[in-house]
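Undergrad: Next up is a structure, given as C-alpha cells.
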Amino acid sequence: MKKNFSRIVSIVAFSSLLGGMAFAQPAERGRNPQVRLLSAEQSMSKVQFRMDNLQFTGVQTSKGVAQVPTFTEGVNISEKGTPILPILSRSLAVSETRAMKVEVVSSKFIEKKDVLIAPSKGVISRAENPDQIPYVYGQSYNEDKFFPGEIATLSDPFILRDVRGQVVNFAPLQYNPVTKTLRIYTEIVVAVSETAEAGQNTISLVKNSTFTGFEDIYKSVFMNYEATRYTPVEEKENGRMIVIVPKKYEEDIEDFVDWKNQRGLRTEVKVAEDIASPVTANAIQQFVKQEYEKEGNDLTYVLLVGDHKDIPAKITPGIKSDQVYGQIVGNDHYNEVFIGRFSCESKEDLKTQIDRTIHYERNITTEDKWLGQALCIASAEGGPSADNGESDIQHENIIANLLTQYGYTKIIKCYDPGVTPKNIIDAFNGGISLANYTGHGSETAWGTSHFGTTHVKQLTNSNQLPFIFDVACVNGDFLYNVPCFAEALMRAQKDGKPTGTVAIIASTINQSWASPMRGQDEMNEILCEKHPNNIKRTFGGVTMNGMFAMVEKYKKDGEKMLDTWTVFGDPSLLVRTLVPTKMQVTAPANISASAQTFEVACDYNGAIATLSDDGDMVGTAIVKDGKAIIKLNESIADETNLTLTVVGYNKVTVIKDVKVEGTSIADVANDKPYTVAVSGKTITVESPAAGLTIFDMNGRRVATAKNRMVFEAQNGVYAVRIATEGKTYTEKVIVK
C-alpha cells in the first residue's frame, strides 16, 4: 500500500511542474499527428515535429520512484543503464547516390529541474518477465551532460525495391542525470538535404519506372514520396510469384499454381534441385535475386515448399531466416519480395495447405458468418518497458478496439491469469477469422493458455480458418526436432478437411518484448485501413508492411525481428476480414479467337478480373470505374472454353465460362503448301491455287487475294488464312 501511495504522489506532484502535460497510465496511441512534412523539393525535405501526449509513469528503483516518459509514437531504444528517453522516427525518400545531412532549422523547449528519469532495461526478450528485471543505473548517470545529445539524427540509408530511403530520428527529450534536468522539446523543425559526397548503400535505376504494386508501400513508408517521382509500369503488372518446390512435390503443387494463375497472379514453378543440388540457402538467395532482376521487375512473391531439410532457411549467428531471401537491393533489411513457406514433411501435409488456401480464396460465401469474429490473447505481463509502455493486455485491448471500430462483430478476449487450452479450442471451433497473440511462447505452444501442438487435433474448425499475428518466442522454429506450433496449425486437419489456420506469422527465435508489439500494431492498422496510403490485401503485404514500421522505429532490434518473423502459408493469400458480399459481374458469354481485349463490367472497383485457359493466364485487369478491360497476352484456340474469374476484398469470388468462337491466330501451320514471309512491314503470302485472306487482331478482314499477296501492314498481330485443295490453314504473323 505504501508503494502505490508513493507512486500516485509522484505522478501528481510531477504533473504540476509541466503545466498541463499528463502523467498517467499508458493510453491508446496511433500515429503522431504533430509530425508534418513542411516541404519536399528535389534535393531537400523539411519536417516538423511537435510533442504529442507526453506522459510519465512512476516506477520503483534503487534510488526511489523514477519516471518513465512516453509520448505518441515514441520508442525506447536506449541502451541498458542509460536514461529512458524515447525517440520518434520518420522515413524519407532520398537521393539514389548522394550522402544526406540533417540540420535543425528551429526548435523550442522547456526545462524542468529535479527530475529522476528511470534507466533503461535494454532489449528484453519474451523469454523473460520484464517485471523481474531490475532498473540498474549505469555510468551515464555520473556524466554531467545531456543524453542522448543530438535532437535530430539520420540512420543509415536503406533501399526498398526502387527507392532509397533514410530515417530521420527526433530525440525531443534530453536529460542531464547529474543536474536532474529534463529538457522537453515541444517543437523541432529539420531540413534533410543532399550533399556533394557519395553516399552509402546506393541504388542505380536501370529504367525510369517502378513496379506499380509497390506504389502504396512507398507512399506509406516515405512521407515525402510522390507517385510522379517515376513513371509506373502498366497496371496490368499485378506482380509475379515463383513457387520453389522440391522435385518430389512438383506434381502436387499443380492445383495451387493453376488457381493462382486463374485468380490473376502470374505464378511459375521452379524445382529446387534445378537451382542447386544439394539445395543450399546461398543458391536459393542467388536464384531469387536473378529472378527479381529480370526485365519487368515484377517478382513480388516467393513461396517455398518443404521443410528446412528440403529448402533450408538462411542461418547466421542468432538468426534463422526465410525473410532474407526477399532482401535483394542494398545491404539493409527491407524486403523487395514477400516470402512465405508451405512447410511440409509429406504429400498430405502439402495437400491440406493447398486445399485450405484455394478454398479460402475461391469458395467462401455470404453464409460464412464466422468472418468478422476475432480472438485476442495476452499475457499478464509487460508495462513501462514495453512498446508505448503498454502491458500485453493493454496492447491487445487497443487492437480489439481497432477491430471493433473497423466492423468486427465479435471479439473474444483470453487474458491471463487463468486462460486454459479449452478457452482457445472453443474460440477456434466457434469460428474466428483473425487471432492476435501477445505473450510468451515455446517451440510447440503459447505460454498464455498452454495451448499447443498436442491440442491441435481437438480443433474442428473445418475451413473456418483464421490468420494469426503471433508475438511470442520460437512459435515458428521449423528447424526444431518436431513440428513447431506454426507448422502444426498449418498442417491440421479433421476427417480430411483443413483445420487450424490459413496463415500465421511466427518467429524462429526468442522475440524481443517491445519491438514486435509495434509491428503487430501496424499489421492490424493496415488490416483495418487506418493508413489510406497503405492499403494491403495479401497476408504477405500486411505483415511485411507492419514489420517495416517496426524496423523504422526500433532500428537494429527491429531488423533482427523482421528477419526471423516467418510467414507460414501463402504470402499472396487474399485476406478476408468480414462476411463477404456479392459482386455484380457481367461479361460476354463468347469471345472471338482473334480478339485482343475482353471487357468485364463489375460493381466493385479494385476487383481483379482474369481470363484463363485450364490454369494458364490469358489476361488480367483491375476493375476501374465499373469495368475491367482485359488485354489478351496469350493466343487462344477456337472451340474451347476459357474461365473468367473475378476476386475482390471481402467479396464472393465469381467464376464464369467464356466460349471461344471464330478464327484463331493460334493455329500455326508447318510444312504446308504455302509460304508466309515478313520483311519489315511487308507480309508476302504465296500458295498455288489458293484463296488468301489476312485478318487483324479484332477479326476484321484487311486484305484478300488469289495465289500471291503482298500486304503493307502496320505494327500488330495478324492472322493469315490460306484456303487450298479443300483445306484451310491459319498462321499467326507479327509485324513490329
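For all residues, glycine too, the Cβ spot is worked out from N, Cα and C.
Because the structure is a prediction, the values reported are computed rather than measured.
Found this in Swiss-Prot, in case it helps:
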- 1-24: signal peptide (SIGNAL)
- D307, F478, E487: Ca(2+) 1 binding site (BINDING)
- V329, D332, Y334, E336: Ca(2+) 2 binding site (BINDING)
- H440: active site, proton donor (ACT_SITE)
- C473: active site, nucleophile (ACT_SITE)
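Describe each of these features in terms of where it is and what it packs against.
TA: Its Cβ placed at the centre, E487 (Ca(2+) 1 binding site) has 31 other Cβ atoms within 10 Å.
Annotation note: D332 (Ca(2+) 2 binding site) sits in a coil segment as assigned by DSSP. Neighbour density for D332 (Ca(2+) 2 binding site): within 10 A of its CB lie 18 other CB atoms from the protein chains shown.
For H440 (active site, proton donor), the number of other Cβ atoms no farther than 10 Å from its own Cβ, over all displayed protein chains, is 24.
Long-range C-beta contacts of C473 (active site, nucleophile), restricted to its own chain and to partners at least six residues apart, with a cutoff below 8 Å, comprise S125, R126, A127, H440, G441, S442, S507, I509, N510, Q511. Reduced to three states, the DSSP call for C473 (active site, nucleophile) is coil.
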Undergrad: To see if you understand the setup: which same-chain residues, six or more apart in sequence, place their Cβ under 8 Å from that of E336 (Ca(2+) 2 binding site)?
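TA: Residues satisfying the criterion: I159, L160, R161, Y292, G326, Q327, I328, V329.
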Undergrad: Roughly how many Å lie between the Cα atoms of E487 (Ca(2+) 1 binding site) and Y334 (Ca(2+) 2 binding site), rounded to a whole value?
TA: 25
Undergrad: Compute the C-alpha separation of D332 (Ca(2+) 2 binding site) from F478 (Ca(2+) 1 binding site), stating it in Å without decimals.
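TA: Distance between the two Cα atoms comes out at 25 Å.
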Undergrad: For the recorded Ca(2+) 1 site, enumerate neighbouring residues of the same chain (Cβ within 8 Å of the Cβ centroid of D307, F478, E487, site residues themselves excluded), in sequence order.
TA: H308, R341, S343, C344, E345, L479, Y480, P483, C484, A486, F568
Undergrad: Need the DSSP three-state call for E487 (Ca(2+) 1 binding site) to compare against my parser.
TA: helix
Undergrad: Measure from the CA atom of Y334 (Ca(2+) 2 binding site) to the CA atom of F478 (Ca(2+) 1 binding site) and give the result in Å, rounded to a whole number.
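TA: A Cα-Cα distance of 23 Å.
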Undergrad: Provide, as an integer number of angstrom, the distance between the C-alpha atoms of D307 (Ca(2+) 1 binding site) and Y334 (Ca(2+) 2 binding site).
TA: 24
Undergrad: An 8 Å radius from the center of the V329, D332, Y334, E336 Cβ atoms defines the neighbourhood of the Ca(2+) 2 site; name the other residues of that chain inside it, in order.
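TA: Apart from the listed residues, the neighbours are F158, I159, L160, R161, Q327, I328, G330, H333, N335.
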